């Protein structure tokens with residue numbers, strides 16, 4: 001008899017434990033990606049990325065949310081992918097940092113984005129009833145993504161993955177277990 005993974009099905013809420021830098025809320029997110037399988041079951045060079053719907057369902061984006069005081073930036077990025085997209089994987093070296101204007105709050109935020117090489121897609125996840133998740137090729141995702149700064153993060157990832165110097169084994173990665181996020 002196998003042991004199944006237990007997933008905390010509640011997302012963190014509230015802003016009281018959020019990190020700020022010079023008055024700007026710090027948010028972290030990931031561009032979850034995987035290499036597409038060919039018809040014969042082999043891994044191809046084609047990359048797919050996972051986008052999610054906003055909670056109101058009107059826009060597509062990459063998972064992101066507040067960076068809290070009790071976690072590293074990589075843990076926050078991994079937690080957001082679990083909560084919003086229901087995926088686990090290896091958080092890789094930061095893609096960049098962007099200052100952007102929040103459409104809903106009218107204030108500037110600081111966004112840090114990471115690539116996540118997805119290793120597992122869960123059937124149940126905390127925000128499954130308020131978000132859709134869709135795997136797309138890079139071109140489709142770039143067109144569909146609402147936020148300019150997330151499109152730029154996607155461009156950085158594509159450039160990094162297409163670089164002949166790209167050596168995934170040497171890339172700094174961090175895997176976070178589900179237990180540390182609940």
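Every residue, even glycine, has its Cβ placed from backbone N, Cα and C.
Of the listed segments 43-64, 65-86, 87-108, Swiss-Prot assigns motif 'Nudix box' to 65-86. The average pLDDT the prediction assigns to the domain 'Nudix hydrolase' (27-158) is 93.
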